[in-house]
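**Q** Take this structure, written in structure tokens, and hold onto it; I'll ask about it next.
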Amino acid sequence: MITLIYGGSSSGKSAYAEDYVCQSNCKNRYYLATMQAQDDESLERIERHRSLRAGKEFITLEQPYDIANTIKTSEDCIILLECMSNLVANEMFRDGKVNSESYTVDKIIKDIKTLDEKVSQLVIVSNDVFEDGLEYDDYTKEYLRALGKINAEIARMADKSVEVVVGIGVER
Amino acid sequence: MILIVGGSYQGKTEFARNEFPEAKYFNQLHLFVKKRISEGKNNSEILAEIREVVNDGEWVIISDEIGNGIVPLDENDRTWREICGRIMIELAKDATEVYRVVCGIGQRIK
């Protein structure tokens, strides 16, 4: 069962997603972290998220790509995947290569389906990065198209999609 | 206090004037936050100042949502976007009503 939690930067979507996950009765709670620390700023963000999760009994799994491999066999657990925007970047710009939009979309959707079959609940946090009206280079456009398609496909597969606005969940 | 958010040019002010004609307005909060950051103020100082202003009487705060884009290249823009988002979350907790305006249509979300 998939839940999509969607919102802009600093919209409160992580705090909302963590509260949502903590209300489930599943045996294990996993936090699937897709961000790779590259500089001080990303380390700071990771640290902020770690302190948000402190005391909430999450088992953290770092999986910047190939998320289908996160869990080996089926188990009664809930996974909070945070976040899709990093995963798409990691899969698209991988091993010094640039993968195409269609390859990236197909790969990630397939991985999500595989992972979803192994767990009780999969909660996916994704970003609204589509509303700044700016013109970007071809790589960024390709990335935006991939993320947009993936978000739409997750929303189609999901039992529930929530947009978080100033910390408030709005069901879609 | 009532909080109204939405993208730029979505008709937030017009919506507010129609719905709350008697209220006092704190408009373009996102620009106020930007100005205070440029003066060296931090998140909690800015939030405290806003709370002080809207403490008295019926207030409507209007702010652009600026977090719905690609991560800005400029560090100051990233800081602004983050502080603005965090402050809006706190103000939404304080607010008795929160509206989001898209294409002139206001949706009450709290």
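Positions of Cβ are set from backbone N, Cα and C atoms, glycine also.
Here's the feature list from TrEMBL:
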- A:Gly7, A:Gly8, A:Ser9, A:Ser10, A:Ser11, A:Gly12, A:Lys13, A:Ser14, A:Arg50, A:Ser51, A:Leu52, A:Arg53, A:Glu62, A:Glu82: GTP binding site (BINDING)
- A:His49: active site, GMP-histidine intermediate (ACT_SITE)
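Explain the structural surroundings of these features, please.
**A** Over all protein chains present, the Cβ of A:Leu52 (GTP binding site) has 13 other Cβ atoms lying within 10 Å.
Of all the Cβ atoms in the protein chains shown, 19 others lie within 10 Å of the Cβ of A:His49 (active site, GMP-histidine intermediate).
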**Q** Using Cβ atoms and a cut-off of under 8 Å, determine which of the binding-site residues A:Ser9, A:Ser11, A:Lys13, A:Arg50, A:Leu52, A:Glu62 neighbour chain B, and list them by sequence position, or give 'none'.
**A** A:Ser9, A:Ser11
**Q** Would you work out the biggest C-alpha to C-alpha distance among A:Gly7, A:Gly8, A:Ser9, A:Ser10, A:Ser11, A:Gly12, A:Lys13, A:Ser14, A:Arg50, A:Ser51, A:Leu52, A:Arg53, A:Glu62, A:Glu82, the residues that bind GTP according to the record, and give it in angstrom as a whole number?
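**A** The GTP-binding residues span at most 23 Å between Cα atoms.
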